[in-house]
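Straight from Swiss-Prot, the features:
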- 13-33: transmembrane segment (TRANSMEM)
- 39-57: transmembrane segment (TRANSMEM)
- 110-130: transmembrane segment (TRANSMEM)
- 131-151: transmembrane segment (TRANSMEM)
- 165-185: transmembrane segment (TRANSMEM)
- 206-226: transmembrane segment (TRANSMEM)
- 240-260: transmembrane segment (TRANSMEM)
- 277-297: transmembrane segment (TRANSMEM)
- 302-322: transmembrane segment (TRANSMEM)
- 373-393: transmembrane segment (TRANSMEM)
- 406-426: transmembrane segment (TRANSMEM)
- 459-479: transmembrane segment (TRANSMEM)
Amino acid sequence: MNMPLSLMQFAPALPEIFVLAMVSLILVIDAAVGDGKRYLAYGLSLVTLAGAAFLTVRDFSTLPVLALGGLFIDDPLSDVLKLFLYLTVAIVLVYSRDYLRVRGLYKGEFFVLALFALLGMMVMVSASHFLTLYLGLELLSLSLYAMVALQRDSSVATEAAMKYFVLGALASGMLLYGMSMVYGVTGSLALGDIAIVLQDGTDLRIPLVFGIVFVVAGLAFKLGAVPFHMWVPDVYHGAPTAMTLFVGSAPKIAAFAFVVRVLGQGLESQVSEWRDMLVILAVLSMAIGNIAAIAQSNLKRMFAYSTISHMGFMLLGVLAGSQNGYGAAMFYVLVYTLMTLGGFGMILLLSRAGFESDRLDDFKGLNRRSPWLAFVMLLLMFSMTGIPPTVGFYAKLAVLQAVVEIGYVWLAVAAVLFSLVGAFYYLRIVKLMYFDTPQDTAPIAPGIDARLLMSANGLAVLALGILPQPLMAVCVQAIGTSF
């Protein structure tokens, strides 16, 4: 039986439609049940992720398919990134469950906001039009603003949310202004049409360059790249750790998709205009991120500056402007997400009622309290540093190879030097865990599911480091087939 054309147009967006329907259902159910049945929202959220993953795998696209009048694209890049988004959000929910429960935050609002944010990210990775990109971005951003402020009785969280909102609104305005200037030059908001017009050349070089500058500035804010990084440390530190884990993981995958769609597809012919801007952003991010992280005594702020430096590293792959470069950047952002889940997840597992395990001193002597969790954290820190045989080493190597291929050897050397600086604060945590006396002697009792997931998280960092080729091949093939 053939579906009408109008319904066929919606077929590639079935995962998004399913998530939206389930969010609406969770809202209704959560409003109807009492506080004692909040686990329903948690369970239904995991069911939503599993259902969306099933639909994505069932209709996995091997070739790009435009839908909804060219506003939406279903291609291997979007499908692969969506699957990683589902996995990331599921891990966040499992890690966060006990943390939220003991702090009175185990409510439907968190799960609804998480799924709305996921929906925004799904729209972003499948957008082939500036309007769709912006719609997905704003849905994600508004969900994150509310999520950061969810702990209403915390003045620190409220302050962080206000900073995030004000700076985010400014960045969104810059991005929208840049899009309007590109539209003024090309006469289109569709990325494919923009690419065709710019390949033929244009006499309006100055407006186009200004438009690209504003677009890149808006993208840099969403990534947390220097000098648009001011919100990152305050939001990571001020928000409850469960919210920090969400903000610091899945949205980076969507931000990568945004960057590669806009720069790698729509503005591909203008690589000479945006490459130098990305070089500056990457160098500043690696420098300031790594140097500022050394001075931090709070682990969440340290990870915030670490994120800034990692985004600088990821931009190295993007500025290469090649299939290998984009593939390396995609591999890097997926690996970064895996490491971030483990790092913040460890803070969640070690925290308990009335105690936030977010200071460096809280990790002193962890090997005596829980040798296995200390070993998992060691693997995560080694991977963030880039020490073989963990996957962080291969991710950095792939990005550096892409940069060297375009002749930017000096940039690769600078990246290696900044990585050596970053090794100090990562290995400091290892030293605290294995050579210092524990200050906290309370038993560590995470749930069995969280403990198993953390173990898998750490071992995945090691396994992907030993066998990185399959995931790298998926990334390069997804980029090559989609572009």
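Backbone N, Cα and C atoms are what each Cβ position is placed from, and that goes for glycine too.
Among the stretches 39-57, 110-130, 131-151, 302-322, 406-426, the one making the largest number of Cβ pairs under 8 Å with the transmembrane segment (206-226) is 302-322. If one looks beyond the transmembrane segment (302-322) by at least 6 residues along the same chain, the residues whose Cβ comes under 8 Å of a Cβ in the stretch are 223-226, 229, 232-233, 235-237, 248, 252, 256, 259-260, 263-264, 268, 271, 274-275, 278-279, 281-286, 288-290, 292-293, 296, 328-330, 332-333, 336, 340, 343-344, 360, 384, 396, 398-400, 402-403, 405-406, 408, 411-412, 415, 418-419, 422, 425-426. Long-range Cβ contacts of the transmembrane segment (240-260) within its own chain (Cβ-Cβ under 8 Å, at least 6 residues beyond either end) map to 77-78, 81, 84-85, 88-89, 92, 95-96, 99-100, 103, 105, 110, 114, 117-118, 120-121, 124-125, 127, 133, 136-137, 140, 144, 147-148, 150-151, 154, 157, 219, 222-223, 300, 303-304, 307, 311, 314, 318, 326, 329-330, 333-334, 336-337, 340-341, 344-345, 347-348, 351, 356, 358, 479. Under the criterion of 3 or more C-beta pairs below 8 Å, with sequence separation of 6 or more, the transmembrane segment (373-393) and the transmembrane segment (165-185) do not qualify as touching, having fewer than 3 such pairs.
With pairs at least 6 apart in sequence, the transmembrane segment (131-151) and the transmembrane segment (165-185) have 3 or more Cβ pairs within the 8 Å limit; the two touch.
Long-range contacts of the transmembrane segment (39-57) within its own chain (CB-CB distance under 8 A, at least 6 residues past either end) are made by residues 14-15, 18-19, 22-23, 25-26, 29-30, 33, 79, 82-83, 86-87, 89-90, 93, 97, 106-108, 111-112, 114-115, 118, 122.
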